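Positions annotated as active site, proton donor by TrEMBL: Glu259. For Glu456, the entry in TrEMBL reads active site, proton acceptor. TrEMBL lists Asp127, His167, Asp175, Lys371, His376, Thr418, Asn457, Ala458, Arg486 with the feature substrate binding site.
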Amino acid sequence: MALTLRSSTSFLAPLDPCSKLLHRPEDAPPSSVAVPQAPARLRALRAAAQAPPAPMEAPAPIPAELLHGQVQQANAGGGRPSRGGVPVFVMLPLDTVGPRGQVSRARALAVSLMALRSAGVEGVMVDVWWGVVERDGPGRYDWEGYAELVRMVERAGLRLQMVMSFHQCGGNVGDSCNIPLPPWVLEEVSADPDIVYTDRSGRRNPEYISLGCDTLPVLKGRTPVQVYSDYMRSFRDRFAGYLGTVIAEVQVGLGPCGELRYPSYPEANGTWSFPGIGEFQCYDKYMRASLQAAAVAAGHENWGTSGPHDAGEYKQFPEETGFFRRDGTWSTEYGHFFLRWYSGMLLEHGDRVLAAAEAIFGGTGVTLSAKVAGIHWHYRTRSHAAELTAGYYNTRHHDGYEPIAQMLARHGTVLNFTCMEMKDEQQPGHAGCSPELLVQQVRAAARAARVELAGENALERYDEQAFAQVAATAEAAGLSAFTYLRMNRNLFEGDNWRRFVAFVKTMADGGARTALPRCDTGQSDLYVGFVDAAKEQRAPESEAAAAL
């Protein structure tokens with residue numbers, strides 16, 4: 001049996017008139033993909049996407065004390081995105097470009113891209129791994145696998161979100177392969193283990209270089225920020241002809257999983273499990289030196305000798321600790337000092353790296369974005385413990401997302417937020433979760449800072465409830481784009497594909513519909529049905545599912 005597409009209307013995106021397909025580079029292989037024209041509505045959508053964004057209305061004033069679930073209601077005006085719909089991107093597999101710099105499963109990928117385009121998808125997202133590109137030594141960049149991928153995506157008539165992934169792949173939820181930091185960086189880690197994050201017990205985390213040494217020449221004579229800058233500059237120069245056209249967005253990795261946060265809840269080796277509070281990551285010598293200097297400046301030198309002694313362990317709950325319990329240390333003068341310093345260091349890190357990215361990519365036409373983690377567990381407690389250990393100083397009385405949104409706004413960077421598919425009622429009661437209130441709070445922070453908000457789903461979901469939740473959030477929050485996690489065999493199978501196609505159409509229509517009819521006798525909608533493979537040619541999505 002195979003899947004086919006039956007429709008009286010095409011949902012294929014048109015070729016950009018500036019596309020390299022019209023002037024193909026000599027090294028690009030000929031395309032075997034037929035590219036029909038899209039209807040006028042989608043052509044208008046693409047044209048609108050290139051237009052300057054409409055000015056945002058002034059946000060409502062924010063009360064002095066943040067009471068979650070109340071301030072968000074005051075700022076929840078929003079409405080449908082100005083361009084009449086939300087473009088949907090799809091994350092490619094983590095190993096799309098493998099450890100040796102080659103495109104993995106190229107034939108299956110080409111067929112999958114064609115299937116995604118047939119569904120009306122705007123484009124795809126791919127991790128551009130530091131550990132792959134600069135694996136052979138400092139300043140020795142291998143972009144060839146990604147160049148091949150860019151050409152494949154262009155031939156498919158799609159666009160790209162490319163993530164500057166300065167973190168390791170492996171050890172987190174959904175990591176399906178292992179791509180460490182570049183070998184020469186790991187040599188430096190062996191020589192000086194303090195350049196990676198460290199917890200209270202002395203455990204090192206090699207997922208990302210500690211922000212405590214951002215401005216120190218710890219990587220073969222360069223600072224981490226210089227290394228990231230050189231990498232992004234080389235990327236810009238290599239792909240200059242595609243920036244702003246095929247490459248629509250560059251997402252700048254700012255921490256573990258590419259997110260602006262500390263690695264406070266690592267799953268590797270069972271260190272953490274949901275819904276544990278996690279642990280502060282401030283015990284490498286560079287972070288401790290910064291803490292000591294901040295304590296001296298605050299007139300409390302004794303506060304700088306270590307992080308909180310009563311903050312508990314990774315898998316504990318807030319009430320099991322002295323720091324995070326209802327009226328714990330987090331609400332004392334010392335708690336305010338420590339949390340301001342800890343979150344402030346994270347904000348400064350984001351500011352440094354994004355300032356470099358803005359200088360490098362300014363004028364190229366690409367959109368810059370940065371990802372913020374959707375840490376929704378223990379959100380209903382007063383301390384918001386899991387957010388605090390990750391570096392978001394967000395409590396019942398302190399808004400941790402407005403400073404982040406303001407920092408992103410200074411650099412014209414889109415705030416990309418996760419957990420858009422989650423509903424409160426679907427979460428375990430003992431975990432104190434509230435992804436819906438969290439999304440509302442982040443939406444309010446983005447509106448107040450006048451920064452664009454984009455979204456992702458946190459978990460792999462194919463059910464109509466999840467798609468409907470994303471569509472409703474997109475309409476209310478005015479999302480600039482949504483990136484779906486993730487392209488794999490499951491996506492192209494049966495009802496999963498049918499629901500996904502319906503979701504893409506819903507997003508293009510601005511959230512006006514939540515599902516396609518089960519039986520489309522009038523053939524006015526895109527319909528995914530089953531036919532006998534012996535009698536019908538295999539459709540792109542069927543071939544993709546078989547090949548992946």
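Cβ atoms are placed via backbone N, Cα and C, with glycine included.
Bear in mind that the values here come from a model prediction, so they are computed numbers and not experimental data.
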*Residue, out of the binding-site residues His376, Arg486, whose Cβ gathers the largest set of other Cβ atoms within 10 Å*: His376
_Length of the line joining the Cα atoms of Asp127 (substrate binding site) and Glu456 (active site, proton acceptor), in Å_ = 15
*Rounded inter-Cα distance in Å - Asn457 (substrate binding site), Glu259 (active site, proton donor)*: 14
*Just jot down the residues in the same chain as Glu456 (active site, proton acceptor), at least 6 apart in sequence, with C-beta under 8 A of its C-beta; none if empty.*
Met91, Lys371, Asn416, Phe417, Thr418, Met420, Phe482, Thr483, Tyr484, Leu485
*Could you measure between His376 (substrate binding site) and the residue listed as 'active site, proton donor' for me? Cα positions, answer in whole angstrom.*
15
*List the Cα distance (Å, whole number) between Glu259 (active site, proton donor) and Arg486 (substrate binding site).*
17
_Neighbour count (Cβ, 10 Å) for Asp127 (substrate binding site)_ = 23
